[in-house]
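Some notes on the structure that comes next.
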């Protein structure tokens with residue numbers, strides 16, 4: 001798995017299945033950013049999401065391009081980008097639709113994303 005503080009970009013189903021299985025087994029909170037290269041709000045939130053990954057080192061952060069992995073986007077019922085899905089042990093526990101930095105931050109705190117000490 002990627003090191004702590006990184007966003008794991010999955011470009012194939014094989015990589016996604018392997019990485020999400022490892023993350024689920026770790027019992028850590030998982031946040032998936034469903035994004036698209038043509039989506040301006042997605043481009044706006046991407047560096048913010050990367051900073052969150054550095055800040056919340058006990059959370060596993062994924063990035064999925066909906067055009068590359070349509071099957072995964074459909075499985076998670078993604079209808080707008082960006083959509084952020086929060087999971088624990090394979091279960092969806094929350095979601096945020098839109099580039100809502102504060103709401104994403106609140107959900108990270110709510111679901112156990114402990115902030116690393118600086």
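Note that Cβ sites are derived from N, Cα and C of the backbone, with glycine treated the same way.
Per Swiss-Prot, the feature N-acetylalanine maps to 2. Marked as domain 'Thioredoxin' by Swiss-Prot: 2-113. Per Swiss-Prot, the feature active site, nucleophile maps to 39, 42. Residues or ranges marked as disulfide bond in Swiss-Prot: 39-42.
Sorting each residue of the domain 'Thioredoxin' (2-113) by its DSSP state yields 45 helix, 31 strand, 36 coil. Counting every protein chain shown, 19 other Cβ atoms lie within 10 Å of the Cβ of residue 39 (active site, nucleophile).
Cβ neighbour count for residue 42 (disulfide bond) (all protein chains, 10 Å cutoff from its Cβ): 21.
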